[in-house]
Amino acid sequence: MELEEVGVEANQPNNDQGSKKQNKNKDKKVKKEKKIGYGGKKSAEENSNFISWLTFSWADRFVVHCFRHVLQLSHIWDLASYDKSAYLAEKIAISWDVEIKKPKPSYIRAAFRAFGLYFVLSWFFYAIYAASQFVGPEILKRMVTFVLKSRSGISTEDPNMGYYYALIMFGSAMIGSVCLYQSNMISARTGDRLRSVIVLDVYRKAIKLSNSARANTSPGEIVNLMSNDAQRMVEVFQLVNNGVFALPQIIVCLALLYRAIGWPTFVGLGLMLAAVPFNGIAAKKLTEIRRHLVGFTDKRVKTTNEILQAIKIIKLYAWEDSFAKKVIERREAEIKLLFSFSRYRAMLIVIVAALPTAVSVLVFSSYYGYYKKLDAGEIFAALSYLNILRLPLGFLPIIVALGIQMKIAAQRVTDFLLLPEMKEISKIEDPSIENGIYIRDATLTWNQEKKEESFTLKNINFEAKGKTLTMIVGSVGSGKSSLIQAMLGEMDVLDGSVAMKGNVAYVPQQAWIINATLKDNILFGSPYDEAKYRKVLEVCALERDIELFPQGDLVEIGERGVNLSGGQKQRVSIARAVYSDSDVYILDDPLSAVDAHVGKHLFHRCFKGILKSKTVILAANQLNYLPFAHNTVVLKAGEISERGSYQQLINAQKEFSGLLQAYGVDESAVNEDVEDDKEIEESDNIVVEEKTKPTEKPKLQNKDGVLTSQEEREEGAVAMWVYWKYITVGGGFLFLMAFIFFLMDTGTRTFVDWWLSHWQNESTKNALAVAQGLEPSGLTDTQYLGIYIGVGMTSILISAGRNFLFFEYTVRASRALHHQLFNALLRAPMSFFDTTPLGRIINRFTRDLDGVDNLMATSISQFLVFFTTVVATLIIISIITPFLLVPLAPICIIFYFLQFFYRYTSRELQRLEAISRSPIFSHFSETLGGVVSIRAYRKKEENILTNQFRLDNNNKCYLTLQAMNQWLGLRLDLLANLVTFFACLFITIDRDTISAANVGLSLSYALSLTGNLNRATLQAADTETKMNSVERITHYIKGPVEALQIVEDHRPAPDWPPHGAITFDNLVMRYREGLDPVLKGISCEIKAKEKIGIVGRTGAGKSSIVLALFRLIEASEGAILIDGENIAKFGLKDLRRNLAIIPQDPVLFSGTLRENIDPFNEKTDDQLWSVLKDIQLHDVAKSLEGGLDSKVTENGDNWSVGQRQLLCLARALLRDPKILVLDEATASVDGHSDSLIQATIREKFSNCTILTIAHRLNTIMDSDRIIVLDAGKISEFDEPWTLLQNPAGLLNWLVEETGPQNAAYLRRLAQAKKDGVNIDQITPPISPTPEQKPFKNADIDNINSPPQQSLKAEDNPNPKALDNSGDNNNNNNNNNNNNNNNNNNNNNNNNNNNNNDNDNDNDNDNSEAGDN
């Protein structure tokens, strides 16, 4: 899995011992790593001595190691104990507990309370650094005076004083550098701690959120908190010291400036004060824009996340353009604000960056105007102070902008952490009370704040206890799933009480699968017990499936269960519950996704067998199982209408009887005898005898069964094409203009300083000439002053142009990259999404895009500024002191190697940091999808620990990267300080010939080199790391793509297809090149308007036919023709828009009801209402506020699953296609609704060619013909009645497996079709009675295997297992897993899957049978 792919397994316990040879190799590797000090060892920093810690020398060997080896996560030291997530979580929890009691809690205050000592320590070091900065200008002034006196011959100082000055300047600079980088490291560590605790607390809170809070907070918004908002903290705290000390530095600089040049200082101060209001206005606007900007970002990420989760449905419906438009609109709104934000930020930078130049020009002009002279010592000391002033002033706008963002981010985090949490269900500890669920006089709602608008359960009295099976039934929207959720504590209790005794296991209606092996999904963190595990596989009918996977139960399932069919996912979910050995089992319609014979097996061997000693609560649509339940609860409109035993309810002749009639069950034929099928039950028991083997940890790793692709990771330097991509994507000419302005800006600033030195030199010469009675030469002082002011003002204008041009460019580039990325993903094939975790993709749209949006501009602009400044500095110093070129050559060589080693290390660390970040988001997305299961299974703490583990792996990359930054910075400062030292040295040697002005200019520039060289190098590295985001985005932009959406030369006619005939011509399909085909030479002809049923066992290829027809997977060989036209020649959009499908998984999107059924707004209101009436949702829609424009929440959570399925039918009705595919289309609705839907399909699609993939055979027995698939081939294809005459046929076997009564009913349906009789007149089967014991003599162990003559094992490989791509039949949740559905008798009713949010109900005790 993801973390293992980048070496995380080195830090986890290895549960798979493997062969001795592997262990020996591993031991050698570990010994080698320990020898060099990496991989699992304690932090090198934590174990270093004081000098090594102070100078970051502990990282030397690591840098060399990174150069020699491709860096892996396992090579990096473990985090220091004080950096680990567990420690940080404990610290912030204590602080937040104090803060939350205050009237206005603040997460930032809590963070300062938790980590305040680190801030103090950081400030201590930074204060020493700040003080050391002022030593240089003082020494510079003395050095100029020393040279002047030496040249004039009146010096009384020690001739060696220049050397002493050089040593003092070097020493003070080195002390400052050491303190600076320690301060930086502590600040970076503190920022990372804050990011970590935000991620930890947001994750912890997300698991605990109440349902009403979750309804108002989308996953995209929460992901933003963990990525963008948390990242803001890191960025601010990296620069916090610059912000804290900016004002003190400015004040000290001004004081020293006043001492040097007197009152002209106040002229500069006045200019600075005049700029304050403008800074304030810009800062206020930035705050306002940023507050709105994060909201638009949240919306964009939320919509993107929703689209990516449902990408398969969008492709099937050819809705890419509609959803692209929605995302682009939200992105454009975001970009509009981003432009505004960038322009105000540019304005703030211009004001602040121009201040040093403007102040210099104004101060020196005033100085000359008042004193009529230029003193070299004072002027260049002042110039050094102004250069020092440049840094805090330059950082001010950055800190202001980041501070604004941090404030907003902190408030968002605080608001989120203050959201209401789910209240734990009352736990009953009284040993005299039996295990079970107890609800008394309860009124419950989904959203307490909007209880009028949300579904409510009223007057609920429910009890399920002891060794009983209680079934909950009701029509679509009656409240079955809601009652199930109420038992789990997921609904708000308005009145009454909900209590529980014992531990709970929960099986949701839509199975939640984690991205791990099948075995891990079943164990779910529980200890491994071989005997119990094997028993669970048997009763959950998983043995045969596991045999077909090449890796067995170690097969990697993939994200969202992509490698399994819908039925397989549900059986894994049931197996997880059974293995947990809980006291109470709450099952929400688990049989809807499985075949009838598998459902039979699960009910009798699992629910009534192995769980017979447990309390089992089962919400279901399969009424044929009701006679076997101890109690039945009937729900209607959110209330319990009846309760009691099956026979009691029949005798009452109330709501239950009407429900049976709606389902088509003949109650009069039901036998009252409800004797238990004891022989079945007694064969199963979850208690494992003590003689079983001791428990052992399961093998978590599987090297062969990897489905999820390893995240791409480039090696070496970021390729030049990535830079070129960024330069050209936003408009190459604009970038070129901005770059030219950068060069002109540095050139004019340098010229201003040089001109001042030249003016001083000429002024001194002219003064000497006048003293000797000679005429002064050259320009007058007034002219020098005019040029000085003119060039200075020009420099300010160029700086403004540079900033506005460059920020304009970066926003354009960001817009283009997003659009290209999103469009590329919309056009990516399904195989890409099946093998790429959603969290990894979302990471591109959050962290990576945020880097391009907000950080790239600052990073590149600062690099260009510092780099050009360093080049200019070296040129100036070398011209003035040519001898400096001698030591400069080796210094440059050392510099080259230092930055080379650093860049190699830092970019690999950055890539590892990015790769190790994705699993955090993947795990988070996975957690949000299964939060109810996590709560029910009491796995909150285990998941929190997993989050901590993944966060620690990410943090050790980040902190090591920060340590590398300080390691390099200190060594670069040493080189820069050596340059200053040698400059002083050569000036001292050459003091009799060099001018004082040149001394001042050289040393003032040399002093600035220390910081500038380091910043230029770090910004170069930072720019490269930011380019990693562009690289990662571009990797997806250049990824695999589907065929063209439109082929202009092959556009179909407007009325295509005219008839709807389909021909499969020797169709061969495989999911990826090199894999075995899943369809093997499919050939058949389907006539226009023909109704075709498609059945087959799991893995037979049913869903693969759908994928091939819609070209989600392209044919490897052969062709599919529609009305004689090869579909391969059409564009995908033209093809898919002319087909229709009702998928098994009903998906709704946030927006309006209208947008969900008519996204292109092509139909009139009357048409929409007419369709809603056809699907029995007219009254429901009318009752909603807004009607057609009523709100649909994310994932359609405010509609039940059954209602969502009906809306999918509405989409097909509106499309009015010639070809319709039904992929188990009525699995999520009750029997009555199923009958209505089938009637609607027969009526409204009578002129359509219909392909029906079915688990429930009653839905296809009225088909004109049935295709029976077996191992990717057509085993049988004929009329239903004809196929049933073959006793050895696969269809005949499947029919027989539904039980005697249902088999007879299915045969009557087939005969009615043959005889032309209306099938609605055929009497459905009655419910089976226990004395029939239909399973008593059944060969349960072979229930999944048809007759040998009709299905050979070697001909039936599981396509999902063979192709670990996840694109398979499996991932479609497709009925792949079992095709004929529902037990013995529920014909239509068997419509299984009624997952309505609202549909839960449950009531158990027979004693209260007559209450209602």
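Cβ coordinates are placed from backbone N, Cα and C, and glycine is handled just like the others.
According to Swiss-Prot, the feature ATP binding site maps to 474-481, 1096-1103, an assignment based on sequence analysis. If you look up Swiss-Prot, you'll see 21-34 marked as compositional bias 'Basic residues'. Under the heading compositional bias 'Polar residues', Swiss-Prot lists 1342-1351. Among the features that Swiss-Prot reports, domain 'ABC transmembrane type-1 1' is placed at 119-405. Annotation source Swiss-Prot lists domain 'ABC transporter 1' at 439-662, citing sequence analysis. If you look up Swiss-Prot, you'll see 735-1025 marked as domain 'ABC transmembrane type-1 2'. Annotated domain 'ABC transporter 2' per Swiss-Prot: 1062-1296, in sequence order. Under the heading region 'Disordered', Swiss-Prot lists 1-34, 1316-1412. Look at Swiss-Prot and you will find 115-135, 161-181, 236-256, 261-281, 346-366, 379-399, 724-744, 787-807, 854-874, 875-895, 967-987 tagged as transmembrane segment, backed by sequence analysis.
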Give the number of CB atoms, excluding that of Ala1100 (ATP binding site) itself, located within 10 Å of its CB.
-> 29
Give, as a single whole number between 0 and 100, the mean pLDDT over the domain 'ABC transporter 1' (439-662).
-> 86
Given 115-135, 161-181, 379-399, 787-807, 967-987, the one sharing the most C-beta pairs under 8 Å with the transmembrane segment (875-895) is 967-987
For the transmembrane segment (787-807), which partner among 161-181, 236-256, 346-366, 854-874, 967-987 gives the most CB pairs under 8 Å?
-> 346-366
By Cβ distance under 8 Å, which residues at least 6 away from the ends of the transmembrane segment (379-399) in the same chain are close to it?
-> 133-134, 136-138, 140-141, 144, 236, 239, 242-243, 245-247, 249-250, 253-254, 256-257, 260-261, 279, 282, 345, 348-349, 351-353, 355-356, 359-360, 363-364, 367, 753, 756-757, 760, 858, 997, 999-1001, 1003-1004, 1007-1008, 1011
Surrounding residues of the transmembrane segment (967-987) on its own chain - C-beta under 8 Å, 6+ positions past either end = 55-56, 59-60, 63, 136, 143, 147, 162-163, 165-167, 169-170, 173-174, 177-178, 180-181, 184, 877, 881, 883-884, 887-888, 891, 894-895, 898-899, 902, 906, 994, 999, 1002-1003, 1006-1007, 1009-1014, 1017-1018, 1021
The transmembrane segment (115-135) and the transmembrane segment (161-181): do they have three or more Cβ pairs under 8 Å, with pairs 6 or more apart in sequence?
-> yes
Ala1100 (ATP binding site) - helix vs strand vs coil (DSSP) = coil
